[in-house]
Every structure is written in C-alpha cells, then in structure tokens.
Amino acid sequence: VKLCVPPSGFIRKLPLHSCNKEARPSWDSPMQFVLACVSYAVGLGNVWRFPYLCQMHGGGGFLIPYLLMLILEGIPLFYIELAIGQKMRLGSIGAWMAISPYLGGLGIASVVTSMYLCLYYNVINAWSFWYLFHSFQSVLPWAECPVNANRTGYLEECEVASPTQYFFYRETLNISSSIDENGGLHMGQALCLLLAWIIVYLFIVRGVKSTGVVVYFTATFPYVVLIIYLIRGVTLHGAWNGVKYMFTPKLEQLVNPQTWINAATQIFFSLGLGFGSLIAFSSYNHHNNDFEKQAVIISLINSGTSVFASIVTFSIYGFKATFNYESCLERMRLLCLNAFDLSEESISAGNVTEWIHYLNITHPESFAAIASKIEHCSLEAELDTAVEGTGLAFIVYSEAIKNMPLSQLWSVLYFIMLLLLGMGSMLGNVTAIITPLADIKLLSRSLSSEILLSRCSLCLCFLLEFVRSGNYWFTIFNEYAATLSLLFIVFLEVISVCYVYGLRRFERDIEDMLGHRPNWYWKVMWAAVSPLLLFSLFIFYIINYIQGGTPTYQAWDKDLVRSAIKRKHIY
C-alpha cells in the first residue's frame with residue numbers, strides 16, 4: 001500500500017515511492033486542536049471512575065499517587081503520541097509504517113481497538129438520550145415506582161429494589177435474568193442508538209472542518225454544567241459532609257499496592273492513550289505547532305477536571321448520604337413512637353439512637369416485636385458505599401437528582417453533560433479509525449459521505465444486539481475488549497520510538513518542529529520509567545486475570561430483596 005508521508009524525520013527508516021499528495025487539512029488554530037484533545041480525553045471516566053477511586057483509596061490521599069503517575073507516565077506518553085502525529089502528518093497506520101515497515105501492525109492494532117470501543121461506547125450515549133427524553137415530565141419516572149396491573153399498589157419488583165434501580169434495569173435496559181435469555185429488541189433504545197449514530201455521522205462527515213466546529217461546544221459546555229452543579233451541589237443540605245469525606249486523607253492507603261496500580265491505570269485510560277486518536281488529531285497540526293506545551297496543558301486540564309468533577313460528585317454524595325441517613329433516623333423515630341405510644345416531642349432525630357438503646361433495656365419484650373425492623377443508621381456507612389460506572393452515572397446521580405427542587409432542570413443539565421462527554425470521546429475514536437484509512441490511497445476514494453454513512457449504518461445494525469436483553473454485551477466489551485491490548489500497544493509505542501527508531505533521532509525530529517531538543521526529564525521517562533510502569537501494569541493485569549478464575553458478569557434477579565444483582569459465570 002502506497003502512503004503519502006512528509007519528506008523528513010521518521011521516513012528515513014522507510015523507503016517510499018514519491019507521491020503527489022494533496023495538501024492535508026489542518027486545524028484553523030491551535031485552540032481547536034487543544035479543544036479537540038480535551039473533548040476526547042475528558043470523558044465519562046472523569047465523572048464516574050475517578051470519584052470512585054478517591055472513595056476507595058483514601059479520599060484526598062489518592063491524589064498523591066495519582067499526580068505522581070501523571071508525571072511519570074501520563075504526560076510523557078501523551079507527548080510521544082502528539083509528536084509522532086505532528087511529525088508524520090499521518091494516522092496511526094501510516095505513522096508507524098513510516099517508522100518501520102514492521103510496525104504497521106501497531107497502527108492496525110490501534111484502529112481495531114478503537115473499532116471495539118466504538119462498537120459499545122455509543123450505547124452509553126443512547127442511554128443518556130433515553131434519560132434526557134424522560135426528564136421532560138412533571139414527575140421523573142425514576143422518582144416513584146409504577147403501579148401494578150391491578151392498580152392496587154406499586155410493582156413489587158420495584159419496591160423490593162428502588163425506583164432508580166428499577167427504571168435503569170427494567171425500563172431503560174429491559175434486562176433479562178441472564179445473557180442466555182433473549183429479552184427482545186428494546187425499540188426505544190434502538191431509536192436512541194440510531195439518533196446517537198446520526199449525530200456522530202454529522203460530527204465527522206466533513207472531517208476536521210466539522211470536527212473543529214463541534215469541539216468548541218463539546219469541550220466547553222460540560223464545564224458550564226459542572227460549574228452550575230458545583231454551585232447547586234455545595235448549597236445542598238449535607239453536601240459538605242461529602243466534600244469533607246473526599247478531602248480527608250486516609251494515608252494508610254498509600255501502603256496498599258492496589259492504590260498505586262489503580263492510580264497508574266486511571267491516568268493511562270483517562271488520557272486516551274493507544275487508540276490512535278491523539279496521533280490522528282495531531283496529524284492535522286502545522287509543522288511548528290508547540291505540541292510540548294499543549295501536551296502538558298491538556299494532561300493537566302484532564303486531571304484537574306477529574307478532581308473538579310469529584311468535588312461535584314462528593315457534594316452530591318454528601319447530599320444523598322445525609323438524606324438517606326436522616327430518612328433512616330426518621331423511620332426509627334416513627335417506629336419507636338408508634339410501638340411504645342410515646343409523645344411526638346420525646347424522641348428526635350438527635351436522640352433516637354439513645355432511645356432505641358433505652359427501650360431495649362427497659363421494655364425487652366415489646367422491643368423484641370420490632371427488633372427485626374430496627375436499622376443501623378450511619379452517615380459514615382452511607383458515605384463509604386462506593387459505586388462506579390453506570391451505577392454512579394445512572395442510579396446514584398438519578399437518586400440524588402429526584403430529591404432536588406426543580407429536579408427536571410437538574411436532570412436535563414446532567415444528561416446533556418453526559419451526552420457531550422460521550423460524544424466528544426466518540427468523535428476522537430471515530431477519527432482514529434477514519435484518518436488512517438483516508439491516508440491509504442487505495443481506500444481514500446471510498447471514504448465519501450455515502451460510504452461513511454453506510455459504515456455508520458453497519459455499526460448500528462451490529463449494535464442492535466447491545467439493546468437486547470440488557471447491558472450484558474456492553475459489560476463484556478467494556479471489561480475485556482481494550483484493557484490489555486491498550487497497555488501492550490502503548491508499551492510497544494514507547495519501545496519502538498526509543499529503541500527501534502532511536503531516541504536521538506527522535507530528539508532531532510522534535511528539534512526540527514520546536515526549535516529545541518527535549519530536556520532530561522522527557523528522555524528519562526521515555527527510555528526507562530514509563531516503559532517499566534507499563535510493563536508492570538501489563539503483568540499485573542495478566543496475573544489478576546489468571547487468578548480471577550472463570551470470568552463472571554452481573555445479572556438482574558428480581559427475586560433478591562436488596563441489591564437485585566447476582567453473579568453468574570460465562571461459560
């Protein structure tokens with residue numbers, strides 16, 4: 001396959017026939033490129049993964065390994081991908097083939113991994129559309145349970161779980177009891193998925209020109225929503241309980257190896273390394289664009305957004321935890337008042353725990369009749385409940401939103417933000433697929449808008465399986481499709497640049513673009529520290545996978561009383 005590549009730098013390793021390529025399109029300004037990278041890198045993981053890790057690994061103490069891994073791993077690897085794309089002005093396949101003809105498979109691996117991600121990532125956007133459309137109701141549908149067929153009460157399945165869980169698993173996903181059972185096509189979700197793919201197509205139909213306009217909105221509006229939510233969040237009753245919980249460090253977690261592993265993993269995946277999107281985006285830069293400064297700025301914006309989103313999330317956590325805690329105290333107060341015929345003023349939320357202890361001692365026989373209904377109310381236990389992923393985005397947030405005044409307004413803003421975060425990441429991953437194919441002359445003519453539309457339609461048809469029987473296929477792809485392959489891809493990237501192409505030659509290419517060579521920090525990170533970290537993470541994931549035994553997935557069980565979730569084996 002014949003490629004058009006720039007006449008300097010990396011191409012000394014690959015003899016190519018000359019070709020008269022057309023001028024490559026480019027960003028209108030460096031700001032467009034920065035916004036495109038921010039829109040791609042700042043995604044759903046910043047909102048639903050990082051707060052969970054803070055909660056699990058010592059609150060503010062988790063920031064220590066997180067920021068250290070950003071310096072040792074995140075920024076240096078981000079720099080390398082931007083440098084490769086800008087120098088080569090090619091997508092991932094052409095760029096790696098120009099370094100060495102034996103590295104073309106590395107670019108193909110990036111494209112395939114991006115295809116895997118695109119296959120399931122847009123399903124999240126379809127869920128966001130579903131929630132957004134259902135937010136325009138006088139009463140949010142996840143705020144209360146639907147009535148039963150006889151209209152004599154609420155559905156028992158919903159009452160056993162909760163209205164938010166029921167709406168997500170049964171109304172949104174229409175989930176079956178296992179992956180083996182075909183629950184039928186969810187037409188509402190299928191239409192939402194169609195809408196999501198139509199929007200993706202409109203984003204990319206004119207290439208970098210349409211992308212450059214879209215990113216002004218997808219990169220900035222989520223911050224507007226986060227700021228609005230921060231202002232609203234910190235004014236909610238009990239919000240500061242959550243913020244205090246976040247910033248109270250549990251330094252004993254720093255001796256836990258899992259804390260450091262999760263910090264390194266979060267940095268790696270949050271920046272979107274290995275997919276080829278950063279190489280594709282930077283290939284539209286001008287030759288002398290200052291990508292070194294941009295790499296640092298974008299990485300810091302990404303990590304800063306994670307911390308900022310966590311403050312918002314923990315303020316919502318605090319409100320939700322305080323609401324649940326005070327509701328628990330009120331239930332216990334009413335239970336004691338009714339069981340022992342006490343006056344209303346005698347028991348309050350502040351002394352209900354002492355009264356329960358007192359009544360247990362003074363009236364043991366009467367207390368035994370209500371002992372099974374006694375709950376242990378603890379604000380700390382509510383705050384310790386860690387949730388990530390779709391459980392945080394679509395259940396915990398929804399439960400908090402339904403208890404806010406003007407809940408419809410906050411619901412609309414929140415799910416618009418999720419949509420823009422998801423669409424921004426989708427835009428980057430689709431670009432990672434299209435750009436390398438457009439660089440291959442054999443295929444460039446077929447990348448017309450009609451063919452692009454047919455390929456989006458093909459993805460949509462394949463993805464209809466993801467809206468059958470619930471989120472089982474989504475979960476499998478999310479957990480197993482890209483994790484190991486991305487670690488291996490980026491490890492090979494840094495090894496190829498430093499030891500196949502040569503670090504000194506790479507330095508000269510950077511000097512050609514920036515006017516100076518990279519300092520000692522970059523060279524030490526590329527040559528030793530970052531590869532060792534990546535290799536260690538790769539080995540850890542393999543060991544963890546082997547020790548994990550038979551892979552499992554979560555399945556909805558309407559007969560279970562509390563969580564309504566059980567685990568099943570994948571055979």
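Every residue number used here counts from 1 along the chain in the order it is shown.
Cβ coordinates come from backbone N, Cα and C, glycine included.
Annotation comment: TrEMBL describes Ala41, Val42, Asn46, Ser270, Asn302, Leu421, Ser425 as Na(+) binding site. Around the Cβ of Asn46 (Na(+) binding site), a 10 Å sphere holds 25 further Cβ atoms from the protein chains shown.
As annotated by TrEMBL, transmembrane segment applies to 33-51 (among others).
Annotation comment: TrEMBL describes 63-84 (among others) as transmembrane segment.
Feature annotation from TrEMBL assigns transmembrane segment to 96-123 (among others).
Residues or ranges marked as transmembrane segment in TrEMBL: 186-204 (among others).
Taken from TrEMBL, the feature transmembrane segment covers 213-240 (among others). For the transmembrane segment (213-240), the list of distant contacts is 32, 35-36, 38-39, 42, 203, 305, 308-309, 311-312, 315-316, 318-319, 321-323, 325-326, 404, 410, 413-414, 416-417, 420-421, 423-424, 427: same-chain residues at least six beyond its ends, Cβ to Cβ under 8 Å.
Long-range neighbours of the transmembrane segment (260-284) within the same chain, counting only residues 6 or more positions beyond its ends whose Cβ lies under 8 Å from a Cβ of the stretch, are 24-27, 33, 36-37, 40-41, 43, 45-46, 49-50, 53, 56-57, 62, 65-66, 68-70, 73-74, 77-78, 81-86, 88-92, 95, 107, 110-111, 113-114, 117, 208, 291, 299, 302-303, 306, 425, 428-429, 431-436, 485-487, 489-490, 493, 533-534, 537, 540. TrEMBL lists 260-284 (among others) with the feature transmembrane segment.
Per TrEMBL, the feature transmembrane segment maps to 296-317 (among others).
Per TrEMBL, the feature transmembrane segment maps to 412-440 (among others).
For 480-503 (among others), the entry in TrEMBL reads transmembrane segment.
Positions annotated as transmembrane segment by TrEMBL: 524-543 (among others).
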At a threshold of under 8 Å on Cβ distances, which of 63-84, 480-503, 524-543 pairs most often with the transmembrane segment (296-317)?
63-84
Between the stretches 33-51, 480-503, 524-543, which one has more Cβ pairs under 8 Å with the transmembrane segment (63-84) than any other?
524-543
Could you give the residue numbers and ranges of same-chain residues that sit at least 6 residues beyond the transmembrane segment (524-543) on either side and whose C-beta is under 8 angstroms from one of its C-beta atoms?
69, 72-73, 76-77, 80, 261, 264-265, 268, 483-484, 487-488, 490-491, 494-495, 497-498, 503
Other residues with Cβ within 8 Å of the Cβ centroid of Ala41, Val42, Asn46, Ser270, Asn302, Leu421, Ser425 at the Na(+) site?
Val38, Tyr40, Gly43, Leu44, Gly45, Leu271, Gly272, Thr305, Ser306, Gly424
Which residues does Ala41 (Na(+) binding site) neighbour through Cβ under 8 Å, counting only same-chain ones at least six apart?
Ser270, Leu271, Gly272, Ile298, Asn302, Gly428
